[in-house]
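Q: Pulled the feature table from TrEMBL, pasting it below:
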- 6-105: domain 'Cadherin' (DOMAIN)
- 106-214: domain 'Cadherin' (DOMAIN)
- 215-322: domain 'Cadherin' (DOMAIN)
- 323-427: domain 'Cadherin' (DOMAIN)
- 428-539: domain 'Cadherin' (DOMAIN)
- 546-664: domain 'Cadherin' (DOMAIN)
- 664-688: transmembrane segment (TRANSMEM)
Amino acid sequence: AQIRYSIPEELTRGAFVGNIAKDLGTDVAKLAAANLQVLSDSDSQYFSVNVNTGVIMVSERIDREQLCGQNPRCFLHLKLAIENPVEFYRIEVEILDINDNPPEFPSDEVSLRIYELASLGARFPIQPAQDPDVGTNTLQTYHLSANDNFNLNVKARTDGGKFPELVLERALDREFRAFHYLVLTAEDGGSPPQSSKIRITIQVLDANDNHPVFDRPSYGARLVENSPLGTLVVKLNATDVDEGPNGDIRYSLSSHNSAALRQIFAIDEQTGEIRVQGNLDFEEATVYEIEVEAKDMGSPTMEEHCSVVVEITDVNDNAPEVILTSFSSTLSEDALPGTVVAVIHVRDRDSGEQGKVLCHVSPDLPFQLRKDYEHQYSLLTSTRLDREHVAYYNVTVSASDLGNPPLSRHTILPITLIDVNDNAPQFEQASYEVLVAENNPVGSVLVTVSAADPDSEQNSRLSYSILRAGGTDPGLDPARYLSIHPTNGQVTAKFPFDYEQTTYLQFHVEVSDGGSPALRNRTLVHVFVVDQNDNAPRVHFPRAGEDSATQFRISPSIVPPALITKVVAIDADSGRNAWLSYHLVEATDLGLFSVTLRSGEVRIARALQETDASAHELLVVVRDAGEPPLSTAVTLVVLVEEKGPEALQGSEARAADGGGLPTITLYLIVSLVLISTVSLVGLAALGIRCL
């Protein structure tokens, strides 16, 4: 027979299970006498029998979940053995579940990583809680804490298991909430029910669903032109609420920027700092608008754009420019004051006061500037010009701006004056005095007259000619004796001069330039012919033929120093060349006669003696003082005879002739003095003129 009992688990030791004696209908005393034993099928002895009372009691703690696990029904089988006679009774004890175990999650906390772009309705399983109890005491339901994005779905399996799932009901936004903290509660059906909780941490994984955002839609900066390289323009700041590579931002200049702008500015892709890397020139651009883009490193990349407006502040870094609109580098020297030489345009690429330009020229020059309007000046002549005084001008036009400090530029305008024939030729001397030795060679240069004309080129090309001077002897035509080279002014003789015919000649030399009309000037040339010793003395008395001698008779009783005769000679030359001296060169007796050196008187030197010859031949030489000296000889024959009528008559005649000789000598001396005086005065005047 089989007896079944039902007891709840977890009864205390000694708890009543059943009365075997009563249930078998046997007397308790009989059971005790029958040596009653309880045998268990398990290793543990969960029950014991009190033979005195027949009551089966719990002897050890009974844990249904340990014995039977999740089986809905749990039984412990006992065998009851009785001797005399031997009988076996089978006892089945059903262990009833009590709600002694709450649902248990595998861990107190679970983490989920969900992509923020996960589709709505996506399910995310949660490891279920385990409740070893069975029946109504086991896990019955789950509860999810309130939230905006997830609902709870519990899947029931055919074996009765319940699995919770999180269902995405509303789109996630990591940038709005990166973490969600939920509490899932598992509850059984016991009374009272038991439960357990698990904390669910949901990390929303970033998706590149946000583009970078600049903290300002546009940036502004102001820089001074010519800022040094590396100058910070502006530091951009863009943020991306995404994370990781999706929020890692790189800055760059947009492709919309020109190549020239890219050479001027550079951006640091990490920091967003825009710096100067080229030359900033206000005159090229006053404002730069830089297009900048910020890109994240997500996939696909998202980007944002902004503009940076950089205003350039002008500094006075440009000197004024001088532009010649019209300019003539040559100017006629007779140009009237106020003649326009050049039209000048000035400009300064700077702005404001720094771009205003003032021009001026040196006040020491015969030029001035006239301001026509804001940026144009005219260069005018201010006074009369004279090429012969200054032929070339370097006119420096100075242009200065009003910056601080001011900048200036100097432009040199070379101006050459064109000559006009406004100057007549001028001789170096108002008159020329020339000493020419007679017998000069034909073609010899007597004098070179020189004139100068301060004009230039054709106007200064001079031509010389000889003109008759006023008051000149009509018979003395200078052109007959002289010629002049038309370009160098050399006056040459056509014939040799003869002092004995011409001692003085004057004429005009005219010089004319090559201008149109030609200008002329004259100078007076005085030519003094200087005597040369080219004439030998000529004996006028005594006259004799070429091969004959003149005879003179003297008395033997002549008393010394009686005059025998006088040799009279004339020299056509003048000056020293006409100074004559008389010399007794040969005689029969040199001691008997004497000749006076200057007068030419022949006298008896001593008394005649009987031994002296009756005829004496004298050779008298007349010599001038020229260099070399020239001379003439005359032969005298003196006859010694008794004084008679013829001799006496001849002596008287000779004496009479001798009485006229002193007058001729005086004439020669006076002539010599006058000529010498004129020559000295002429030489003195020439010396004074030269000084």
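The backbone N, Cα and C atoms fix where each Cβ goes, and this holds for glycine too.
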Q: Write out how many residues of the domain 'Cadherin' (106-214) are helix, how many strand and how many coil, based on DSSP.
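A: The domain 'Cadherin' (106-214) comes out at 3 helix, 54 strand, 52 coil.
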Q: Per DSSP, what is the helix/strand/coil residue tally across the domain 'Cadherin' (6-105)?
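A: Reading the DSSP string over the domain 'Cadherin' (6-105) gives 16 helix, 38 strand, 46 coil.
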Q: Which numbers of helix, strand and coil residues does DSSP report for the domain 'Cadherin' (215-322)?
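A: Going by DSSP assignments, the domain 'Cadherin' (215-322) contains 10 helix, 48 strand, 50 coil.
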